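Here Swiss-Prot flags S150, D226, H258 as active site, charge relay system.
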Amino acid sequence: MTLAYETVSENRSFGGIQGVYRHQSQATGTPMTFAIYLPPDARHGKVPVLWYLSGLTCTHENAMTKAGAQEWAAEYGIAVIFPDTSPRGEGVANDETYDLGQGAGFYVDATEAPWAPHFRMWHYVTHELPELVFNNFPLDREAQGITGHSMGGHGALTIAMTFPERYRSVSAFAPIAHPSESDWGRKQFAAYLGDDKAAWKRHDSTILMREKGYPGEVLIDQGASDQFLDLLKPEALAHAMAERRQPGTFRMQQGYDHSYFFVQSFMADHIRWHAERLG
């Protein structure tokens with residue numbers, strides 16, 4: 001695995017550095033771009049890490065510029081990493097619809113044509129990118145949390161429940177909560193994973209919550225006026241958490257929709273939540 005990368009940009013932000021970087025990914029076989037916010041504390045030693053996984057159509061840039069994370073990350077001394085949501089470029093399979101292909105990797109490793117050669121976002125986010133950043137930036141490998149929005153919330157929850165020993169905290173904003181029973185999920189799983197329903201289950205946070213849960217507390221925020229509630233299916237995850245007696249908090253936020261205005265509004269709560277658990 002190559003650990004080389006190039007700097008695209010670095011900007012001062014709340015006393016820290018918001019950087020954008022590019023590297024050649026072995027997982028996807030393409031160049032990949034990612035962003036890291038390093039708080040001022042990173043000048044003095046390793047800092048805890050919060051992975052932020054973005055939603056459909058997003059790149060690394062959307063949350064970096066719209067989620068309002070930097071101010072709170074600086075205050076609580078935590079780094080935030082913003083990966084891209086899929087491989088991109090010529091020769092990479094795509095689809096005319098917004099919710100499949102480039103910008104819609106769904107945080108799975110595709111096994112089906114034409115997606116399998118490049119769409120390995122599970123491996124990229126959980127193995128390749130961590131190795132690169134922990135070997136090149138002042139980040140504490142033993143203090144990792146993960147969060148995300150929409151498709152990224154789905155990714156954060158499934159990854160945390162699969163690797164609970166690695167991610168000491170988890171939260172989500174309006175996650176796609178039951179993808180194997182939603183049009184945001186069935187279409188993508190069929191395309192990327194084929195008929196392997198066991199693989200579908202491994203990437204469904206409601207099913208994972210029923211079967212294994214998470215050893216710590218979980219924080220979920222969901223806008224009650226979200227225009228995609230029927231696709232997100234938050235009630236399925238809420239019921240699974242209740243049936244399991246999963247420690248945590250599931251908040252329906254009155255009047256909030258699915259936008260980054262919603263994410264901004266509760267970003268401070270989420271970063272504080274992770275900072276308290278990552279120490």
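The backbone N, Cα and C atoms fix where each Cβ goes, and this holds for glycine too.
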**Asked** Across all chains shown, how many C-beta atoms besides its own are within 10 angstroms of the C-beta of D226 (active site, charge relay system)?
**Response** 20
**Message:** Please report the distance from the Cα of D226 (active site, charge relay system) to the Cα of S150 (active site, charge relay system), rounded to the nearest angstrom.
**Reply:** 11
**Complete:** Long-range Cβ list for S150 (active site, charge relay system), cut-off under 8 Å, min separation 6+ in sequence, same chain only, gives G55, L56, F173, A174, P175, I176, F228, L232, H258
